[in-house]
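This report refers to the structure that appears directly beneath it.
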Amino acid sequence: MTNAPTLGETAATPRDAADRNAEARPARSGWIPGTDRIAFGGDYNPEQWDRDVWVEDIALMKRAGISLVSIGIFSWALLEPREGEYEFGFLDEVMDLLHGAGISVDLGTPTAAPPAWFWRTYPEAHPVTRDGLRLGHGSRGMASPSSTAYRAAARGIADALGARYATHPALVLWHVHNEFGAPVSECYSPASAAAFRVWLQNRYGSLDALNAAWGTNFWGQRYGDWDEIDAPRTSPSIVNPAQRLDFARYTSNALLECFVAERDALKAHTPHIPVTTNFMATNCPSIDYWAWSREVDIVANDYYLVAERADNHVLLAMDADLTRSLAGGRPWILMEHSTGAVNWQPRNIAKRPGEMARNSLVSVARGADAVLFFQFRASRSGAEKFHSAMLPHGGTPTRIWREVEALGATLGGLDDVMGGSVPARVAILWDVESFWAQDLEWRPSVDLGHRERIVAFYTELWRRDVAVDFAHPHDDLSAYDVVLAPASYLLDAASAANLRGFVSEGGRLVSSYFSGIVDEHDAVPDGPYPAGLREVLGLRIDEFLPFRADESARLDDGSTGTVWADDIVLDGAEAVATFEDGPAAGRPGVTRNVYGTGSAWYVSTKLDGDDLGMLLERVLAEAGVESAAAHPVAGLERVERRTDEALFVFLANHGDTDVEVADVSGIDVATGESVSGLVVPGAATRVIRSELD
Ligand code: GAL
């Protein structure tokens, strides 16, 4: 039996955790047991095929060097065809066949797709949208995370799988659920509303505290009884923003409780087998992965290119860096990516030759010690039949299959990189609670965008080959020389104090507009903006001055700002650049303040491209952080990963033409040849190893 947490009562909500750093991240065990090679493989869905196809598939897996497959993720209806009745025959056979071929298994719990009998028996478990629409069956996806029937059924199948396969020699990893939070996360069912109230009681203790935190005297929303509080469903006008922010916190936590319940059911049978679930690091707006990463044994992540964007590989790099940061710098699993086109974007652009390998190797460069795909064999039926696979509909004669085989061989030569770190002296703040709050309605401009700003800052560092971590604003930042806060709308008192401490101890902080504006209840603290950052930035903001659409303003350093300016009053800071025109003409646009032994910069407008990049170069230079000359987005990406013995320089050419790299020498891992300077052909990736003393 497992001790399932009671609704709303797991550990703490993300920001409730008094000291995030007190708890080691990630959680418990090290790496996938018995694995001394970079794991290679993918999701495998044998239930879609006859047994003779399994045999053929496993032979092809061997041929491609596949070592790990994720199975059972969508098998609930086969494994438990009637409530409480289990039929494990097909899974037993697949597990045995895989083991016989020396392929390890990442065994899924199938709780992202409850069977038809479940929905018929427990219709109340259907999720309900904010508009009151009850979502139906016939697809896949989460049930209401606060449904007791769902939690019991999910725990039941996890427990049965744990009991059945505890000693199976193929089992090396548990894969709980699939992409918690997608495609739906928030649920407004009666069970969810009730669980939300329990969560609020735990958080606030008293209605007085809740009324104060939510500012319910505004618009006469005061509550006199807990039962009067509802989930923040669609209403005539905008709903109390603090209530919505808390509902987002409750939702992330309710989903986490579902993960923890399954994990504990599995751990009761297999304490030695690590448990993970696949994150979507930059792409799941509803989950606070900092809290989740403490609960998984190994961080695993799915990433799909935004195919049409010319900078899609920069977004991939950013996602990988966030994933590594969630893993506390330790290796992580690239659990899913695609060999070619996906099937769910407006235009599903095929990957070009070499692109799959670049995506995979850049992930390894940025900390992944496992490279897996969705999925091994392309489906013939169902919603995903036009999604690429390792083995496409065209079979082994295809280019994709040849590239899969080649990638298996390349990864086979990279085992020594395992466990290596990606040292970074720069961190970008990433706080999903702030994003939740900023995304609520009635903000000063529709052009404000936290993701857009973070991508812009990240891109300029990427173009200069600067290694970057992501950090939560509560984290110990002392390992970094530069911290960037491009979008920290919500900064609680502890975060602001942390940033002040970082700068006073010699760090360089770059903050940008609409940061430090509200506290953890989406309330404006006393005094001028930006409350907790006024002192460290050496300024105050008298008024926001958002721009009209398409308006821009020149600054006297030659840069151009759009979207935003502040009416800044300097209070110790110097003006680095001043607006020459626009709504803030004559006012400072970029400032710098010496504080303790460090300095804090403020960028009050939207700078892009080299305007932003040159400013960041100045900050990096002041901090003594090296940066390369800026290269184009369709250029050569250079990432360094190091172990105790060796430095591995990964060079991925995202352009079509050859790029000469003069300052790299060592052994080309693919050919074994010694190089001193090299040419990386268009679309290609090279990995150069040099020994460390
Ligand atoms: C992922 C999901 C997989 C598959 C894939 C297709 O989000 O986990 O099951 O649907 O997308 O790109």
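Every residue gets a Cβ built from N, Cα and C, even glycine.
Not measured: the values here are computed from a predicted model.
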Query: According to TrEMBL, ASN178, TRP344 bind substrate; which of ARG140, ARG309, ARG377, ARG380 is also listed for that site?
result: ARG140
Query: Of ARG140, GLU336, the recorded positions given in the record, which has the fewest other CB atoms within 10 A of its CB?
result: ARG140
Statement: Among ARG140, ASN178, GLU336, TRP344, i.e. the recorded positions, the one with its Cα nearest that of CYS187 (Zn(2+) binding site) is ARG140
Message: Return the count of C-beta atoms lying within 10 angstroms of the C-beta of CYS187 (Zn(2+) binding site), excluding that atom itself.
response: 27
DSSP three-state assignment for GLU336 (active site, nucleophile): strand
Remaining residues near the recorded substrate site, that is with C-beta within 8 Å of the centroid of the site residues ARG140, ASN178, TRP344: ALA112, GLY141, GLU179, ALA182, PRO183, GLU384
Field: Distance, GLU336 (active site, nucleophile) to ASN178 (substrate binding site) (CA atoms, angstrom)
entry: 11
- prompt: In Å, rounded, how far does the Cα of TRP344 (substrate binding site) sit from the Cα of GLU336 (active site, nucleophile)?
  reply: 15
- prompt: Cα-Cα separation of GLU336 (active site, nucleophile) and ARG140 (substrate binding site), in Å?
  reply: 18
Task: Based on Cβ atoms within 10 Å, give me the single least packed residue among the binding-site residues ASN178, TRP344.
output: TRP344
